[in-house]
Amino acid sequence: MDRTERLLDLVALFLDAREPISWAELREHFPADYMGISDDAAERKFERDKAELLELGFPLSYIQGDDERKDGYIVDRDAYYLPEVDLTKEELAVLYAAGSAALTSGAFPGRDDLSHALRKIGFFAGNALPTPRVRMELGSEQDGPQLAAHLEALWDACASHKWVQMSYASPKRPDLTERKVDPYGLVLRRGIWTLVGYCHLRQGVRTFLVHRIRSLKANTARPRTPDFEVPEGFSFDNHVASSPWQHRFHESVNARLRLTGELLTRGPSLFPGATVAPAEDGEGVLVELPVTFLDGLLRFCLQLGPECRVEAPEDARQRVKDMASSILEKHTPREEVAA
Amino acid sequence: MSVHERLRRLLFLVPFVSSRPGISVEELARALNVSREHLLEDLDLLTCVGRPPFNPDDYIDIYVENDRVYVDLDQRLSAPPRLTVGEASALAASAELLRPAAGDALRSAVEKLEGVLPPGAGERFREMYRKIDAAVEAPEALGPLTRAIHERREVSFDYATPGRGGLESRRVRPHELLSHRGQWYLQAWDLNRQDDRLFRVDRMQNLAVTDATFQPREDARAEVPNPARTNAAVRVRFTRLVAPYVRERFGEDARLLADGGVEVRVAGDNERWLTQWVLSFGGEAEVLEPASARAAVARAAKAVLGV
């Protein structure tokens, strides 16, 4: 019998059973599947079926009998059926809008899980499902089916705590590097997916942009035994940059910027988490923030134009000048050069 | 298609049709995100499913009549299985995309999801749900905007149009929120300009949801302009230092140069965007042509230098 068919037959059998079903009875019910092979082989086959059913959320367990009941397998029907989730219109709208946006982006970890979840929460909503009005588009780096497949594999590896082996293309190196990583989780920032995990090569927590992974394989040995535990107190925020100046390239320094003109009111949205206060001399507002990648901040400030001035640290002011001078030099009109 | 995926679908399919008798094949295929062909194969398989002793009444009785699907005997597949830990955590993690917009609704929805997990799965759910962090930098305005879209109400706000100086007052019919490379946009019908417009949510101030309602149009959809077009007029050269990052974004459209740098072509219709973009490379990018774009970048660099 086809395995899918057998598993569904098992579901139908257990959902209808009033008494526990013994292994001997199961073998009789499915002679073509669990008989005609050795006892060991038959048991292993049923164990695999049972594992698959458990993974589908089918709460199958074995009970030791007593005076009233015999030994055997039984399913807790109440624990199987999805009860009405009883979401308010607003809650359903939030979950539906966000879930659909994640799916349409083409790359979200656990895509299959997410599609099933959306169907299930919509099951009791009848035709009252909200129309999603939120879309998400990732950067062009993230196009292509490979990213979606890698996110899916990483999601599974995160869930089962299995290490992954991958070849990684860093723009800093000409060749691919082979990495073995314990995946702790996945982070989305500015349209880019980042894997955070323990890198066995570097012996520390490292971040990897998922679109730079060229090939990926999870450890398949002992699939139900975790390879690692995520350390207590682990937090993504200590490892992943949300803004260009937060890459952990050097020791943290405090920077001070002055915003004027059109940028006067935009401090909090441009520099999330920074301290923004009116300047004592009355000229604009001052923004203070910790920086671990100064050039990242300076380039960001450059594109904001003269209404964003870097005031501290001192060497940063000079660095901005150097950058602007270099840009000016490159773009100063040249004499026509004959071809 | 793995056995696992197919089983998940089939265990949902039977109760779904049971609760929507006479659903069309097309609608069912859409709801399950499978082709018509795959769906018909699924239905064929289901007619073979039953329980011992496999008498005629022991089989699932599911059939198609006039292109509509019915279930007469569901063999106790009367509701879908509960959410698995993986399903609930993927959903809860995706809801983080709208964190500020969702407010209390997100927290209460996640609590309710936990409530319908299989018994004892709560802890695993909380652990898994933390493994995806998709809380993008979403501005507070997403909250009222989401509400306005759902309630079909016009909104007003002051909008900072770069380069025009000061704020302009706008009144719009909001249609859709779009997150593009982590930046949030509102696509809306601008009542002042009588045209579809895309607004950056972080540039809105004094946002107010009005009492005026409207009937949304079905066809409205806006795209964030893609500056990387191969037929575009502006040639930009990048040094070897930043070339790998530019190649990542532009792929084959970035032409490799002999010195290890790259050259790309981008659209020049938005001078402000182009100038800012070139400046953001801090001296590692140079506009080659046209001369007008080179001059614009030079002016911007002079402004920064105060000369």
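The backbone N, Cα and C atoms fix where each Cβ goes, glycine too.
Record features (TrEMBL):
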DOMAIN    B:5-114  domain 'PafC HTH'
DOMAIN    B:141-208  domain 'WYL'
DOMAIN    B:233-305  domain 'WCX'
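Broken down with DSSP, the domain 'PafC HTH' (B:5-114) shows 66 helix, 16 strand, 28 coil. Under DSSP, residues within the domain 'WCX' (B:233-305) fall into helix, strand and coil as 35 helix, 17 strand, 21 coil. Break the domain 'WYL' (B:141-208) down by DSSP state and the numbers are 13 helix, 41 strand, 14 coil. Taken as a whole, the domain 'PafC HTH' (B:5-114) shows an average pLDDT of 90 in this prediction.
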